[in-house]
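Contents: one structure, followed by commentary.
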Amino acid sequence: MASNDVESNELRAEEEPVARDQWGKGVEFLFSCIALSVGLGNVWRFPFIALENGGGAFLIPYVVVLLLVGRPIYYMEVIIGQFASRGCIRAFDMVPLMRGVAYGQVYSTALATTYYACIMALTIRYLVVSFSEVLPWTYCLLEWGPQCVATAATNSSNATQSPHGVSSAELYFTRTVLREPPSLEAGGLGTPSWEMVLCLLATWIIIAITLSKGIRSSGKASYFLALFPYVIMLILLARALTLPGAWRGIVYFVQPQWDQLLNPHVWYAAITQMFFSLAICFGTLVMYASFNDFRKEVHKDVIIITSIDSFTSMLAGCIIFGILGNLAHETNTEDIASVVKGGAGLAFISYPEAIAKFKYLPQLFAALFFFMLLVLGIGSNIGMASSVINVVKDRFPQLPHWQLATGASLLGFVCGLVYMTPGGQFVLNLVDFYGCTFIALVLAIAELLAVGWIYGVKRLCSDIEFMLNVKTSFYWRICWAIVAPGLMFLVLVYMLCSYEPLTYKGVAYPPGAYMAGWLIWGLGVAQLPFWALYTIWQQPGNS
């Protein structure tokens, strides 16, 4: 009899659902979302995209897209997560036929997490060498040949004397840090650099520790991850504004080119920048909101987060271009665009080159900048990794957080080793385009159709009224039902019409790499029909 009681108690314990974690304080959700959304896209992607697409004129489509696409989708995802109180996969129980959207988003987020950690590893490498007595990218090494132009403050005139030279900052990044081959066909992937492997290991250790207790630990870390970068940004802004030539750089950044407003590529760039800057349609917002109190008034948080994200992009642009304006001044260059590198080059070539020209404490400002990048990147990566981990946690709630965090970090570290090879940046570029940008657009349209048309805007508004006792305005309704999906569809059409085979620094990939890229894309998009068919097959009845 006693043994039967024990068995029945064990059975009851197994059947009882494990209580879902909640944020320690409501403000932890706000700070975690700020840490997630404000990341590397604001610091190096936004300034360069704005510069390419009309300077100050780009801000008009950017603000329009924020109001019509970014903020409505952000609010929608937060509402879905909070109402369902489940991770992104189980939240789609509201539209079982479209559960593939969530699986595809988790797949895409997992890919992004691996290469984002690689960028963090580069940041740690630069942060460590920033404490050197002489910054290592300021002088030339013999093996770089005669084309090298040293970027130290004492050599500021060399850049004008050697128009066909390559700066030591660029050669340090490509030859010493990346050991990059001219193409994948020339050198293959190669073997990982042990220094970069150690930096990657350090990145995943930081992520594992932060996620060891789930949102209870990551929520506490969010105070630092969200606020500290602004302390450094203000210090860098104060320094940038006192540099000669800085104002010329800032004016160059914000000066509008009005003719660009009629260029469809500018609007395409605004939508894609908003998309990745706010981290919408990746499943992370649904996951974070699922830990909220059911009655939390999130619409205020959404307005705060999306406004801060846009403000940070502008602030970062002023800092970056203020310092690049000084670089152009020091090298007697009239065209500021000529001293700007895009993407990772902005952070690891243009900015270090500008820092090297500082006559006072260049090491301090280099260390501050790279520490800011590290904190911003870790904040975003924790959100992405947490989203993937919580999918497993929702399926196996008995598993302790530290085991899941450790397992995910080990897997991420092993997958990330491919980016630590000389050909790693080629792979990163390929995965970023086919595994994130391209997949995310397709899945975003599918998500908006699933929520706005299959589940229905009317039903969603009823849920909001039940949960928050708030009537949903016409603005949100029209954006969810027509404006946001319509604009996203136009972006996808434009992307397909203007599609050209992907290149890295103007170098084409071998045919096998393109096949691998389309396979990565296909695996993500195939989640839609696969889970739809699986859901239909599971239904009872013969029809």
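Using N, Cα and C of the backbone, Cβ positions are placed for all residues, glycine too.
What TrEMBL annotates here:
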type     : residues                   : note
BINDING  : V38, N42, S277, L376, S380 : Na(+) binding site
DISULFID : C140-C148                  : disulfide bond
TRANSMEM : 59-80                      : transmembrane segment
TRANSMEM : 101-128                    : transmembrane segment
TRANSMEM : 193-211                    : transmembrane segment
TRANSMEM : 223-247                    : transmembrane segment
TRANSMEM : 267-290                    : transmembrane segment
TRANSMEM : 302-324                    : transmembrane segment
TRANSMEM : 364-389                    : transmembrane segment
TRANSMEM : 401-421                    : transmembrane segment
TRANSMEM : 433-455                    : transmembrane segment
TRANSMEM : 475-497                    : transmembrane segment
TRANSMEM : 518-537                    : transmembrane segment
Roughly how many Å lie between the Cα atoms of S277 (Na(+) binding site) and C148 (disulfide bond), rounded to a whole value? 36
Would you say the transmembrane segment (401-421) and the transmembrane segment (193-211) are in contact under the rule of three or more C-beta pairs closer than 8 Å, pairs 6 or more apart in sequence? yes
Cβ contacts of V38 (Na(+) binding site) (under 8 Å, same chain, 6 or more positions away): A226, P229, I308, D309, T312, L376, G379, S380
Give the residue from the recorded positions C140, C148, L376 that has the most other Cβ atoms within 10 Å of its Cβ, counting over every protein chain displayed. L376
Would you kindly list the residues that approach the transmembrane segment (223-247) from elsewhere in its chain, counting only those six or more residues past its ends and only Cβ-Cβ distances under 8 Å? 28, 31-32, 34-35, 38, 312, 315-316, 318-319, 322-323, 325-330, 365, 368-369, 371-372, 375-376, 378-379, 382
Give the nonlocal contacts of the transmembrane segment (433-455) in its own chain as ranges (CB under 8 Å, at least six residues past its ends). 73, 76, 80, 92, 94-95, 97-98, 100-101, 104-105, 107-108, 111-112, 272, 275-276, 280-282, 480-481, 484-485, 488-489, 491-492, 495, 502, 517-518, 520-521, 524-525, 528
So what sits near N42 (Na(+) binding site) in its own chain, CB-to-CB under 8 Å and at least six residues off in sequence? S277, D309, T312, S313, A316, L376
Do the transmembrane segment (101-128) and the transmembrane segment (475-497) come together with 3 or more C-beta pairs under 8 Å, pairs six or more apart in sequence? no
Does the transmembrane segment (475-497) come near the transmembrane segment (59-80), with 3+ Cβ pairs under 8 Å (pairs 6 or more apart)? yes
Other than its close neighbours in sequence, what residues sit by the transmembrane segment (401-421), given a CB gap under 8 Å and a spacing of at least six beyond its ends? 113-115, 117-118, 121, 189-193, 196-197, 200-201, 204-205, 207-208, 211-214, 217, 385, 388-389, 392-393, 427-428
Given the recorded Na(+) site (V38, N42, S277, L376, S380), which additional residues of the same chain have their Cβ within 8 Å of the Cβ centre, ordered by sequence? L36, S37, G39, L40, G41, V43, D309, T312, G379
What is the Cβ neighbour count of S380 (Na(+) binding site) at a 10 Å cut-off, with all protein chains included? 25
